[in-house]
């Protein structure tokens with residue numbers, strides 16, 4: 001008893017069947033739409049629509065160009081934003097450092113002022129002592 005199905009098909013079996021089906025479809029009475037899909041577009045019959053397709057393709061190409069420019073601009077904008085963010089962080093760090101240094105300088109100047117006042121007070125006290133000692137000795 002012969003097997004019902006072939007388990008292994010040769011390339012000739014597959015391509016031969018496709019060719020025969022195609023030939024059968026093209027030889028039978030078929031409408032133009034089926035022929036278009038089986039044979040592909042033919043030159044003269046496809047002429048007026050070809051201009052429309054070219055026009056639409058040109059529009060699509062223009063849109064693609066515009067979108068590529070827009071993407072390039074967005075990428076450049078992102079790079080500029082990154083640079084701006086880096087500069088902003090640097091400026092913030094510099095501001096913090098400046099604030100810390102100004103606080104240190106303020107403290108140093110306050111201590112220096114206190115030292116000057118203490119020295120002046122000490123000189124005044126010494127002068128008063130000298131004046132009092134000289135007055136009582138005489």
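One-based numbering along the chain as shown.
Yeah, the Cβs are placed from backbone N, Cα and C, and that goes for glycine too.
Residue counts for the domain 'V-SNARE coiled-coil homology' (52-112) by DSSP state, with H, G and I taken as helix and E and B as strand, are 61 helix, 0 strand, 0 coil. TrEMBL lists 52-112 with the feature domain 'V-SNARE coiled-coil homology'.
Residues annotated as region 'Disordered' in TrEMBL: 1-51.
For 116-136, the entry in TrEMBL reads transmembrane segment.
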The average per-residue pLDDT within the domain 'V-SNARE coiled-coil homology' (52-112) comes out at 95
